[in-house]
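Undergrad: Provided herewith is a single structure, encoded as structure tokens, for subsequent inquiry.
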Amino acid sequence: MTSNDTIAAIATPPGRGGIGIVRISGTNLESLARGILGKLPDPRHAGLFSFLDQNSQIIDQGIALYFPSPHSYTGEEVLELQGHGGPAVMNLLLDRCLQLGARLAEPGEFTLRAFLNDKLDLAQAEGVADLIAASTANAARCAVRSLHGEFSSTIHQLVSALIDLRVLVEATLDFPEEEIDFLQSAHAAEQLATIRAKLEQVLVASRQGNLLQEGIKVVLAGQPNVGKSSLLNRLAGDEVAIVTDIPGTTRDTVRQSIEIEGIPLHLIDTAGLRETSDIVEQHGIARTYAAIEQADLVLLLVDSRHGVTEEDRSVLTRLPERLPVLTVHNKIDLSAQPPRLEENTSGPTIYLSAINGEGIELLRAALLKTAGWQANIAGEGAYMARQRHLQALIQAKELLERAAAWLHRADQLEILAEELRLAQQALSSITGEFTSDDLLGEIFSSFCIGK
């Protein structure tokens, strides 16, 4: 995974802009700097330079910044060339760096080198990418907390507490005749209970952060002409779907992303579900069920004038059992019913009008609740957790549940010790202490080139 060669890349987005940056990282950048700038800039001082080609002709004029090792982003020597942000200028400058011995950086390679040089751990490195990719203000704030090490610090505290408990258990194994009394006197059960409670708090906060990052996929399903497209337009605040009185107008899925309290909701309007001989409409219905398979939540729309019909119940039987369903009785403006939310054994039911907006706020609140959103946690305490973080936390939780069961079994302390070891390993994988090269490659390959 390690490499001592010099890498270079354009660090700013493609296209035209006021400023463009070429970033270089490696060892012994003096010769490269002399080839472009005429000299190595003073460390950590911005200087105005002419950027030169191989014939000493000026490519551009701009700012150069030099960061000596180890006090740089990557932990290596880093040189940043800040010029005018035209693509031709940036490419000429990058080509000059490659002529002088640098190679083009792979996606995420600067941050990978920062990780390998202990400038940040794996969760912080992922925080860099999450901050760049954040689509909402709340997601950006959570990503900054991860980048600054708040998530990692919490994980390290859990790992440290587990190590202390493991030391106690391993020591007990050396004195089998006193093992249970020894563990009881050291309050091992209380220590384990404290670790499990803290882990549960971290898992809840991480789920909130994952929700901020990923959002939820919501499919609008139902029979033709119940107002699915009208509801999509109402939630989106724009005319993103065609609305007519003709059943079967929507033949394909229409996708639109919105935010509710900073949570991305990926809405998918679908073809009306009914028996039809129309080949095109049949394809649309097939795509509807394909979208439902990938959804996190289904809004089943029905006409409030008719209520839930046998056809609607037939649709419900075809939905995956794991999938939460919100039943929406639309068109209350025509049925003269008040907007309301009813909690039923089958799930929440909302009465609303997509045309005049009555009951829409009830739907928004129900969407957040069903998604698991907890504003009191997510405001300042959520961690920008990825799916792999959640999997590691859940694995550690299950291992510690089993460990608690083994704790009072004098003849099974070896199993207890192993469960604790595996739980520690699962948590340590979050920060990269136990991580395969394949996983590192997968994580950093999703980064931008130049980062």
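Every residue, even glycine, has its Cβ placed from backbone N, Cα and C.
According to Swiss-Prot, the protein has these features:
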- R23, E80, K119, K451: (6S)-5-formyl-5,6,7,8-tetrahydrofolate binding site (BINDING)
- 215-372: domain 'TrmE-type G' (DOMAIN)
- N225, T244, I246, T249: K(+) binding site (BINDING)
- 225-230, 244-250, 269-272: GTP binding site (BINDING)
- S229, T250: Mg(2+) binding site (BINDING)
Undergrad: If you average the pLDDT over the domain 'TrmE-type G' (215-372), what number do you get?
TA: 79
Undergrad: If I restrict to non-local contacts, at least six residues apart, and a C-beta distance under 8 angstroms, what lies near K119 ((6S)-5-formyl-5,6,7,8-tetrahydrofolate binding site) in its own chain?
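TA: Listed in sequence order, they are P70, Y73, T74, G75.
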Undergrad: Note down the number of other Cβ atoms within 10 Å of the Cβ of R23 ((6S)-5-formyl-5,6,7,8-tetrahydrofolate binding site), including every protein chain shown.
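TA: For R23 ((6S)-5-formyl-5,6,7,8-tetrahydrofolate binding site), the 10 Å Cβ neighbour count is 24.
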Undergrad: In whole Å, note down how far the CA of R23 ((6S)-5-formyl-5,6,7,8-tetrahydrofolate binding site) lies from the CA of S229 (Mg(2+) binding site).
TA: 47
Undergrad: Tell me the Cα distance separating K228 (GTP binding site) from E80 ((6S)-5-formyl-5,6,7,8-tetrahydrofolate binding site), rounded to the nearest angstrom.
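TA: Between the Cα atoms of E80 ((6S)-5-formyl-5,6,7,8-tetrahydrofolate binding site) and K228 (GTP binding site), the distance comes to 52 Å.
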Undergrad: Please classify the secondary structure at E80 ((6S)-5-formyl-5,6,7,8-tetrahydrofolate binding site) using three-state DSSP.
TA: strand
Undergrad: Please work out the number of neighbouring Cβ atoms within 10 Å of the Cβ of E80 ((6S)-5-formyl-5,6,7,8-tetrahydrofolate binding site), leaving out its own Cβ.
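TA: By my count, 20.
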Undergrad: Between K228 (GTP binding site) and R23 ((6S)-5-formyl-5,6,7,8-tetrahydrofolate binding site), what C-alpha distance do you get in Å?
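TA: Rounded to a whole number, the Cα-Cα distance is 49 Å.
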Undergrad: Tell me the Cβ neighbour count for N225 (K(+) binding site), meaning other Cβ atoms within 10 Å of its Cβ, over all protein chains shown.
TA: 21
Undergrad: Provide, as an integer number of angstrom, the distance between the C-alpha atoms of N225 (K(+) binding site) and R23 ((6S)-5-formyl-5,6,7,8-tetrahydrofolate binding site).
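TA: Just about 55 Å between their Cα atoms.
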